[in-house]
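OK, TrEMBL features for this one:
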| type | residues | note |
| --- | --- | --- |
| SIGNAL | 1-23 | signal peptide |
| DOMAIN | 9-142 | domain 'Thioredoxin' |
| DISULFID | Cys60-Cys63 | disulfide bond |
| DOMAIN | 355-483 | domain 'Thioredoxin' |
| DISULFID | Cys405-Cys408 | disulfide bond |
Amino acid sequence: MGRIVSVWLAFFVIACSLTAISAEESGESKEFVLTLDQSNFTDTVSKQDFIVVEFYAPWCGHCKNLAPEYEKAASILSKHDPPILLAKVDANEESNKDLANEYEVRGFPTLKILRNGGKNVQEYKGPREADGIVEYLKKQSGPASADIKSAEDASNFIDEKKIVIVGVFPKFSGQEFDNYMALAEKLRSDYEFGHTLDAKYLPRGESSVTGPVVRLFKPFDELFVDFKDFNVEALEKFVEESSIPLVTLFNNDPSNHPFIIKFYNSPLAKAMLFANLSNEGVDSLKSKFREVAEQYKGQGIGFLLGDLEASQAAFQYFGVQESQVPLIIILENDGKKYLKPNLEADHIAPWVKDYKEGKVPPYVKSEPIPVENNEPVKVVVADTLDDMVLKSGKNVLLEFYAPWCGHCQKLAPILEEVAIHYEKDASVLIAKLDATANDIVDPNFDVRGYPTVYFRSADGNISAYEGERTKEDIIDFIEKNREKTAHQEALKDEL
């Protein structure tokens with residue numbers, strides 16, 4: 001399970017690098033954004049047909065940047081007809097943790113669109129500056145699909161840089177139309193949907209079709225594609241698969257960012273070629289990479305071409321260096337990674353073939369092994385996890401942390417006190433591992449948030465620590481687990 005979280009973290013880090021907000025912090029009037037908590041959340045949401053809720057943490061930099069933009073948008077939307085309500089929940093507050101878990105908050109800020117009294121929950125996937133928030137939510141609060149009645153309507157609706165889906169129907173009724181509208185309602189936070197009675201209004205594709213047919217417009221590859229299976233599941237699969245380019249381009253062009261995020265959020269294995277796209281001779285790399293993408297289309301693997309300048313967050317996450325480019329990384333859904341550095345164009349096809357045949361060993365990201373490790377709380381990295389924890393023969397309390405995590409920072413001095421308590425006991429080790437800088441490949445460690453603390457007894461039993469974060473409680477937990485191990489060993493000896 002820990003490896004699955006690593007995949008989510010990859011997406012989270014890269015997506016955050018794309019959506020980082022540059023608004024200045026300012027004193028915010030809380031006049032329009034409604035503050036919710038465990039005591040009033042359900043009652044408030046149940047009375048709203050449409051409400052947006054931000055789950056935030058006071059220490060989160062992205063949340064601080066969003067706050068004035070969110071407040072400004074709330075003030076504008078309060079005058080909309082009907083008014084659109086924006087709210088926020090401090091997910092860092094202990095009493096609100098159940099709410100955060102219920103709405104699957106995995107990072108900050110997380111924004112949710114709640115419809116029909118909270119019965120329908122969707123991710124907010126729009127801009128994070130005030131004007132963009134306003135425009136996005138106006139569309140989200142209206143009909144799920146726009147009625148296109150003219151070529152002018154179509155021209156205004158179909159953005160050349162976005163995915164737009166239009167259903168062509170002989171009449172706006174029947175099973176096909178109902179299924180299409182159900183799909184539009186389900187996916188409205190991800191795509192823009194329209195419907196029309198006449199295909200001649202549309203800018204591309206056969207104009208004489210009477211439908212029913214779904215036409216998906218896109219700014220890459222073949223520019224549009226038609227689909228005639230109106231089973232809802234089939235329609236959804238068609239939209240999702242058609243909305244990712246054969247090769248996604250990761251650069252600084254904002255119009256590419258939605259496709260980059262979709263790429264990292266897809267269930268496919270992800271083959272990523274990183275190179276300096278301004279260098280001479282890169283065309284042969286790009287050409288060969290696209291050929292391989294064509295070859296493996298529909299075989300469970302997606303392809304991305306990343307420009308060196310735009311890919312710094314990805315480099316930091318994967319623990320690779322600029323000196324290794326051109327390089328290709330394949331990331332699987334279980335978190336396993338495969339790496340080929342300093343490759344040439346002719347290396348791409350045979351290396352991907354070897355990967356598909358299971359001939360390429362996984363790559364494990366690790367911080368360097370510390371030259372000195374003399375502090376009370378010992379530092380563990382991916383390359384020392386086996387020796388220091390799994391094969392040490394000691395009772396090890398291991399914290400998985402993130403350097404930016406406020407809870408981890410509060411726990412640090414407490415763990416140091418625990419470590420000092422056990423300094424003269426060679427059978428006990430108190431340690432920490434930076435989970436943002438090291439891969440966690442052992443499935444016994446299910447790291448879902450920070451800090452996550454595990455205890456591995458000397459005889460190999462692994463258990464999560466979920467008690468209070470005080471010196472006394474942690475020591476009590478360690479002693480109880482040591483006693484349990486000793487008792488089990490004594491029983492074995494008697495037998």
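Placement of Cβ uses the backbone N, Cα and C atoms for every residue, glycine included.
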Measuring CB to CB from Cys408 (disulfide bond), give everything in the same chain under 8 Å that is also at least six residues away in sequence.
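When sequence neighbours closer than 6 are ignored, Cys408 (disulfide bond) has Glu399, Tyr401, Ala402, Tyr450, Pro451 within Cβ distance under 8 Å.
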Measuring CB to CB from Cys63 (disulfide bond), give everything in the same chain under 8 Å that is also at least six residues away in sequence.
Glu54, Tyr56, Ala57, Phe108, Pro109
Would you count the other CB atoms within 10 A of the CB of Cys60 (disulfide bond), including those on all shown protein chains?
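Excluding its own Cβ, Cys60 (disulfide bond) sees 17 Cβ atoms within 10 Å.
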Neighbour count, 10 Å Cβ-Cβ cut-off, for Cys405 (disulfide bond): what number do you get?
17
